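Notes to accompany the following structure.
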Amino acid sequence: MEGIAIMTSGGDAAGMNPAVKCAVDYSRKKGLKPFLIRNGLRGMIDGDISEATREDVSGIMHRGGTVLRSSRSQRFFEYDYRKQAYDNLQKLGINKLIVIGGDGSFNALNQFYSDFGVPFAGIPATIDNDIPGTDYCLGVDTALNMIRQSVDSIRDTATSFSRAFVIETMGRHCGYLAMVSALSSGAEICLVPEVEYDLEKIGERLRSDLNDGRDYIIAMVAEGTNMAEYLTRWIKINLNMDARLTVLGHVQRGGSPTVRDRIMAYKFAVEAVDALLDGETNKIMIFRDGDFGRLAIDKVTDSKVELNQQIIKLAEHLSH
Ligand SMILES: Nc1ncnc2c1ncn2[C@@H]1O[C@H](COP(=O)(O)OP(=O)(O)O)[C@@H](O)[C@H]1O
Ligand SMILES: O=P(O)(O)OC[C@H]1O[C@](O)(COP(=O)(O)O)[C@@H](O)[C@@H]1O
Ligand SMILES: [Mg+2]
């Protein structure tokens with residue numbers, strides 16, 4: 001029986017556990033022998049690999065994070081450690097890999113494929129939604145719901161005071177979480193790296209709203225702009241308003257996967273196993289314009305992610 005190993009790597013994201021469960025169950029159904037690599041790339045180097053049991057993947061669907069655990073490994077950049085990882089796979093008869101992770105993990109596995117020719121299928125999983133070629137990455141819906149819940153709570157206190165609340169979201173260089181959250185929470189300001197912003201115009205607009213009776217402000221700021229602290233000070237000085245900053249941080253990465261993330265996880269996992277059985281060697285599973293598909297890794301690594309134009313159209317007025 002051919003061995004297939006499943007791992008999670010990079011920043012954890014809700015939906016990783018359902019993807020692991022489905023990848024194990026479906027690959028077994030298809031006549032493969034599923035293995036689990038624990039602790040991501042670090043575990044692959046250290047041989048933290050075992051055949052998947054039914055117990056390993058039972059009762060994990062509803063759990064956030066990744067039960068396989070994850071890592072960001074400096075050693076994987078070095079050939080000698082990758083060779084050690086390859087030897088570990090060889091010993092167990094593993095000749096296919098499924099990696100559930102972000103762009104960094106896909107680069108890692110592509111390097112590993114160039115070194116040793118072990119075919120892999122990538123399942124996009126990162127709250128940042130920053131993988132080119134796919135409209136959706138596992139974990140995004142859960143993160144958006146975690147943010148919504150936090151912003152709703154902040155709004156409760158905001159409505160009790162005449163204050164501005166600046167809320168910073170994660171996302172690295174991608175403004176998706178901030179922009180969608182600005183829409184879903186009815187924010188007055190949204191700053192993301194992809195859209196030019198004009199503080200002068202924002203000031204004019206909000207001063208007029210405040211004169212008309214507005215008494216609090218919610219501002220969503222993507223971490224990639226590095227503007228959250230500055231904007232908080234700017235509001236105090238320019239709008240003459242008390243302002244508070246909340247950096248949401250890792251709260252956004254936690255939480256039980258939403259229904260959307262569970263179902264998407266299943267579909268991505270089936271696609272990944274099928275891709276490998278079809279003889280694909282280094283493809284990333286994608287969801288684009290409502291359909292699932294497979295994209296060559298270089299199409300992913302050589303492009304830059306672009307923010308969805310429809311979302312920009314709906315939210316860009318919050319940047320000026
Ligand atoms: N070019 C590369 N060569 C080898 N390993 C890499 C390469 N790029 C990334 N990696 C490995 O992949 C890991 C996961 O990538 P990272 O960017 O941290 O998370 P994510 O997969 O969520 O984007 C890195 O910590 C590193 O170990
Ligand atoms: O958890 P860490 O290592 O502090 O990294 C924080 C970063 O990880 C993320 O939560 C997820 O990013 P990745 O999916 O690329 O790992 C980013 O939004 C954030 O900037
Ligand atoms: Mg990443």
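Including glycine, each Cβ sits where the backbone N, Cα and C put it.
According to TrEMBL, the feature active site, proton acceptor maps to ASP128. Listed in sequence order, GLY11, GLY102, CYS137, MET170, GLY171, ARG172, CYS174, TYR176, LEU177 are the same-chain residues six or more apart from ASP128 (active site, proton acceptor) with CB atoms under 8 A from its CB.
Residues annotated as ATP binding site in TrEMBL: GLY11, ARG72, SER73, GLY102, ASP103, GLY104, SER105. Reduced to three states, the DSSP call for SER73 (ATP binding site) is coil.
Here ASP103 (ATP binding site) comes close to THR126, ASP130, ILE131, VAL300, THR301: these same-chain residues lie at least six apart in sequence, with C-beta atoms under 8 angstroms from its C-beta. Annotated Mg(2+) binding site per TrEMBL: ASP103, in sequence order.
Cβ neighbour count for MET170 (substrate binding site): 23 (other Cβ atoms within 10 Å of its Cβ, all protein chains included). Taken from TrEMBL, the feature substrate binding site applies to THR126, ILE127, ASP128, ARG163, MET170, GLY171, ARG172, GLU223, ARG244, HIS250, VAL251, GLN252, ARG253.
GLU188 (ADP binding site) falls within neither a helix nor a strand when secondary structure is assigned with DSSP, and so counts as coil. What TrEMBL lists as ADP binding site is ARG155, GLY186, ALA187, GLU188.
Under the heading domain 'Phosphofructokinase', TrEMBL lists 4-276.
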Of SER73, GLY104, GLY186, the binding-site residues whose C-beta sits under 6 angstroms from any atom of ligand 3 are GLY104
For ARG253 (substrate binding site) and ARG72 (ATP binding site), the CA-to-CA distance in whole Å is 16
Of the binding-site residues listed (ALA187, VAL251), the greatest number of other CB atoms within 10 A surrounds the CB of ALA187
Long-range Cβ list for ARG244 (substrate binding site), cut-off under 8 Å, min separation 6+ in sequence, same chain only, gives ARG163, ALA164, PHE165, VAL166, THR232
CB contacts under 8 angstroms to GLY104 (ATP binding site), restricted to the same chain and 6+ apart in sequence, sorted by sequence, are SER9, GLY10, ARG72
Between the C-alpha atoms of SER105 (ATP binding site) and VAL251 (substrate binding site), the distance in angstrom, to the nearest integer, is 22
The answer, for which of the binding-site residues ARG72, ARG155, ARG253 has its Cβ ringed by the most other Cβ atoms inside 10 Å, is ARG253
